[in-house]
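Asker: Quick paste from Swiss-Prot:
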type	residues	note
BINDING	113, 114, 115, 116, 117, 118, 119	ATP binding site
BINDING	386, 410, 411, 412, 413, 461, 465	meso-2,6-diaminopimelate binding site
MOD_RES	222	N6-carboxylysine
MOTIF	410-413	motif 'Meso-diaminopimelate recognition motif'
């Protein structure tokens, strides 16, 4: 329970009201809430003040563009409506006060960049859990303690949601949290008042340009996490051109590189000196300002070497013991359904990935190839009632980057599965070499049966999804379960 005066000092007319929570969406208002009426990107929350009052809001905080109006109060139906100048940019701090500044009560790491945010926050939570923490994540796949994640709508929730989620983590005993910070979230001041222990920058590519107009604006948006917001340590990918520029401006930041010929100019740095890929994952030899050694990673792909090293540098800069980190690294699994490796003795290695666009399929096949001593198999399909144009393009990519291809169904929805497959087959130069098997479980089993033990089978398109949509029916189906079941039955065959 928060008193209004604790938030805003002695606001004239505002009685000492007790408030239960801060709410931005008038539809979610309950008895005892503080309704926050913001002038948003698309919607003006101030239009909904009457609805909020009708639903029992105890007080309203309304944005104003007029500095003279700041903290002036009017009463409507017994409810104080308090004007607040430039409320949007102060909301993180107000929500921080309201929820008792939870970011000060745990170790908080913010991750920004185009790719890798989700994997990095998962790896941070997994690794710190192995080291005895109670760790939480906030981002694309949801918010919550590791293993109890609830789905979320945006990568970075509103300023209020972020503070409320952190307060919830603290209440549940978390002492470590990794949060994905989107560029939208930075521009809209959603993480403004958080005390970050570490900020990580992954990389920058053409993403969300409709919102930010140009690459330069986008880079500036991301950079706010390192310059204007308070973070004790900055970890920056030195293999990215934007990262290199930032490192020149931030002498105290930690430079992280996968390039063996990298010459560090920072006092603190980490680089890979040799990387060996195999079906088991990657062996990474490293040197750093903390010492040198070897990491045995079960993760797949070059990009996951970069992700892992950024996480490793983060934990080293927070003071974790280098030997303990090296000992626990093989237990890290990354994100469910993203280049997820499944294996059994004397069996081919299976990789399940959610790649369902041409670009993602190409990257997944190239990553799988790094780990493949024998032949590379690809099992994929294309969704029905969705972009038809990509079907032949994905065929071309599968043919170019894999040795054997099996085309199967992937959520045909209300389209004819046979028609979808025809659209895909049109993209192959040699369709006679391609197998078609509509039943997805059978397609996966066929690939695993035909592949040798040093082959790799990439099963693309579903990732963490555990359903198949046929017609309008959602049926339970999981690529992982199909593979695990097959391995369980066949593991004893030499």
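In case you wondered, yes, glycine gets a Cβ from its N, Cα and C as well.
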Asker: With DSSP assignments reduced to helix, strand and coil, which class does residue 413 (meso-2,6-diaminopimelate binding site) get?
Answerer: strand
Asker: Say you check the Cα of residue 115 (ATP binding site) against those of the binding-site residues 411, 412, 461; which is nearest?
Answerer: 461
Asker: So what pLDDT does the motif 'Meso-diaminopimelate recognition motif' (410-413) average out to?
Answerer: 98
Asker: Out of the binding-site residues 386, 410, 412, 413, 465, give me the one sitting nearest to residue 119 (ATP binding site) by CA distance.
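Answerer: Comparing Cα positions, the candidate nearest residue 119 (ATP binding site) turns out to be 465.
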Asker: Would you mind checking how many other C-beta atoms are within 10 angstroms of the C-beta on residue 461 (meso-2,6-diaminopimelate binding site)?
Answerer: 26
Asker: Once 386, 410, 411, 412, 413, 461, 465 are set aside, which residues in the chain still have Cβ within 8 Å of the Cβ centroid of the meso-2,6-diaminopimelate site?
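Answerer: Output for this site, in sequence order: 356, 381, 382, 383, 384, 409, 462, 468, 469.
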Asker: So of all those binding-site residues, 410, 411, 413, 465, which one's Cα sits nearest to residue 116 (ATP binding site)?
Answerer: 465
Asker: Out of 113, 114, 117, 118, which of these binding-site residues is nearest residue 411 (meso-2,6-diaminopimelate binding site) by C-alpha distance?
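Answerer: Closest by Cα: 118.
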Asker: Within 10 Å of its Cβ, which one of these binding-site residues (410, 465) has the largest number of other Cβ atoms?
Answerer: 410
Asker: 10 Å Cβ neighbour count around residue 116 (ATP binding site)?
Answerer: 23
Asker: Measuring CA to CA, name the entry from the binding-site residues 113, 114, 117, 118 that ends up nearest residue 461 (meso-2,6-diaminopimelate binding site).
Answerer: 118
Asker: Around the ATP site (113, 114, 115, 116, 117, 118, 119), what further same-chain residues have their C-beta within 8 angstroms of the site's C-beta centre?
Answerer: 111, 120, 180, 202, 203, 307
